[in-house]
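Annotated features in TrEMBL:
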- 36-127: domain 'Ig-like' (DOMAIN)
- 136-241: domain 'Ig-like' (DOMAIN)
- 1-29: signal peptide (SIGNAL)
- 250-271: transmembrane segment (TRANSMEM)
Amino acid sequence: MCLSATFYVAVSCIIVQFIALFNQRLCEAARAIGNPSAVITVSSARTSKNNPLHSHENVTLWCQAEEQGSVLPIKSAVFSRKRDGLVLKAEISSDRKRAYYHFGLAHVADSGNYTCKLTTINGLKVNGNHQIFVRPVVLVDSGHFEAQNNDPFKFFGHGVTAVRGSSVEINCPVIAFPAARFSWTKNGKEFSAKDPRVNIQIDGKISIEKVNDGDKGIYECTATNEFVVSGHTEAHQVMLSRMLRVKSELAWLWPLLVIIAIITLLLLIIISCECKKKRNEQKLLVE
């Protein structure tokens, strides 16, 4: 009885190992190949959601299924963007050997990681990975951003105003793939978070608590990323400067005082005119 049980366990283990080995060989035998990366090329670094920056060249992803050096005919294919699950239906060549997705002049927001998902005529499913790179560009959906010294990769953004004693956030809105690294300067000197009131976040934001007059100045962020093109690593960056202004906690009183002064002056003018009018009327009655 024990021998029989041991025998069945041994046979089961052999079967499981055989299935695992078969699946491994199957995966090794069939694979997806294609262009592992593409680049969105731009000559400036300012974009917005309503007016997105486009590539100067057409961007295309392609992939095909291979097994032991032979290309397998494709039944269906899609490209999926990893960050949001967007599915793009691929175009299959007339000989059914290659799948494409043509972005045309791609937007900078089309950058990211993609997966090519192929199903072959014989039902085999294979996946391949792709990347679309883009250098850091500034996202300017609000406010005014001007190029500095006609440099298309260096900008001066709209200022930020904070009330003394409040909290403030200075952001560096950038689109980049791979994700950008951020460094900061204040008034031309390296800026760090040594002050416990200051928090420099990895996504390109500075938050300052209990703002004081010493915090005002020009803050400049530099966003940098790197990617490989034709076997060479390229580094790209964009720079954005913003001025932080600090005003008194009683600053709101000044506009109110001006309004009150204007209203008071108008009332005095009206009263003066009315008094003058009444005096003139009384003179006429006396005469």
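Quick reminder: no glycine exception, Cβ is built from N, Cα and C everywhere.
Because TrEMBL annotations are produced automatically, they should be read as predictions rather than curated entries.
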Task: Just give the helix, strand and coil counts over the domain 'Ig-like' (36-127), going by DSSP.
output: 3 helix, 51 strand, 38 coil
Task: Pop the mean pLDDT for the domain 'Ig-like' (136-241) in here, whole number is fine.
output: 93
